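> Just dropping this structure here.
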Amino acid sequence: MISTKVLALFLVLLVAVCVYAEEESEHGLEATGHEKTLIRNRRWWPWGMGMGGMGYGMGMYPGMMMGGWGMRPFGIPPPSKGAKKTSWRSIYMATLMMALAGINMSIFFMANVSFGWWAQKTMKTAHPLIFGFSMAAIGNLIYSILPILPEQAALPLMLFGRILTGFCTGCLGVLRSFVAMCSAVEDRMKAMSTLSTGLTIGLSIGPVIQMCFMPIGSEGIRVFGLIQLNQYTTPGFIMFIVGIICVILLVTIFEENYVGIISDDEKTSNPWLVIPKFDRAPVLVMFYLWGLLMTIATSIYCVATPMSMAMFGWSSEEAVIYNAVLQTGSCICSAVTAFLLGRTRLGNMDRRKQLISGFLMFLLIMILFYPWFFYPGPQNETDMIAACNFDWCATRNRIPFWVYCFSFVILLGMGFPLCMTALNTRLSEILGPRKQSFVQGMMAFTGSLAQFWCPILVAFLYEKDGFRPVAVLNFGLHSVGIVLIIWVFGRMIPLEMEPPIGTPTKYKRGTFYRM
């Protein structure tokens, strides 16, 4: 009769063979020679071994010490801290790409196309980026040559060009996921803030480009007797050149080096590596929060020109120029804030508290933008009649100029990097060292949804009752966002690759225990 010890040893070895034969697509948890792991998985043991009367299949990794069994080496030693170095050259290249995309975003509104699935499936960041920037370049070129095209073809070609330009927005999520995957954990905040700095610099340059070509006027000049350069088409030609530059940089200089995820070599070397499943609740909350960022931006930028004309009696040209100056100042403030978050001790702030601080600034903006009774008199005063021709102009007070400037430049300028860097950094930490392109792309998609519905609703509300309903709407949405942050506060933490001993932890193919 076979002894119990020999039978148990045979079962352990059999489980080891079954586990090793399984193709594991997600790995990650490393155990040292003194750590023991117990695996519970129905696929590996369909016939099951009774476990506490629950009937779950049970398997044991070799190296588990029970009843005097021997121990064999368990996995490979974990890499020492700092063994994987952040690829700063790649991050700086991605920052440049983000800055150029930011210029495009600040000049033309774009719909989103998510390239996350493409980048994750192929693990090639350059391919979707080349496609996105190429399509954006072609779209901008089509938009710029509309004046020389037949009139009956102008409208469909303009829509087609805008669709092509929208492909560039899909590059933003790919770039964020790339930076998350090519930066070591200890450098993640610095890398993300650097990327945010590039985006804000691009957004600040865009309005300057628009202002530079406003003196040309709507008529402009003709080049070679055919191409018309005016204040509307010239930025399109500039963005066509920017798109070509991006493609050239991607083909010649851009490098892909993923040090922030578990590589295929590590998976092959250690079949016992697994990545625990990430907590979906905080990820969904962060999707909502990213949508809020796009909502607040769209709400303010959408009505900035008509609102400033109504509040301060500016002409349409003055409103465009002055708001472009304020937007540039806001983006410069954002760039400085992002730089401080990445290069000083401010980057050590708790990401969750950083998020709450940013959204509190947005709440304060909505409070200050509300037409309070103690603000200056109605907007239908003599000097405002020409600028405000809505029915509500006779009853709505005006926002003081210094309040408008302070909210636009300081609060908006500081709020965006606080929320943006915290969201990007914490999302990458929650996902852990796995492929992130798809999830990052989905988050970018939620922002594009906000950019789709928000202008329509905000324009309707503003026309009916001024900025008051817009302020109330945003105040409510951002209050919900702060409540959600507090609700998942304890769960909005980096992924635990080594969970507490004895705690059941889900991963792709089952549940494991660290013992």
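In case you wondered, yes, glycine gets a Cβ from its N, Cα and C as well.
TrEMBL entries are annotated by machine, without manual review.
Positions annotated as signal peptide by TrEMBL: 1-21. Here TrEMBL flags 45-70, 91-117, 129-149, 198-216, 236-254, 287-314, 320-342, 354-374, 401-423, 443-462, 468-489 as transmembrane segment.
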> Is the count of Cβ pairs under 8 Å between the transmembrane segment (354-374) and the transmembrane segment (401-423), pairs 6 or more apart in sequence, 3 or more?
yes
> Give the nonlocal contacts of the transmembrane segment (468-489) in its own chain as ranges (CB under 8 Å, at least six residues past its ends).
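Contacts with the transmembrane segment (468-489): 281-282, 285, 288-289, 292, 295-296, 299, 303, 352, 355-356, 359-360, 362-363, 366-367, 369-371, 396, 457-458, 461-462.
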> For the transmembrane segment (287-314), name the stretch out of 320-342, 401-423, 443-462 with the most CB-CB pairs under 8 Å.
443-462
> So which residues does the transmembrane segment (129-149) touch in its own chain, when a touch means Cβ under 8 Å and the partner is 6 or more beyond its ends?
97, 100-101, 104, 108, 110, 113, 115, 157-158, 160-168, 170-171, 174-175, 226-228, 230, 233-234, 236-237, 239-240, 242-244, 246-247, 250-251, 254
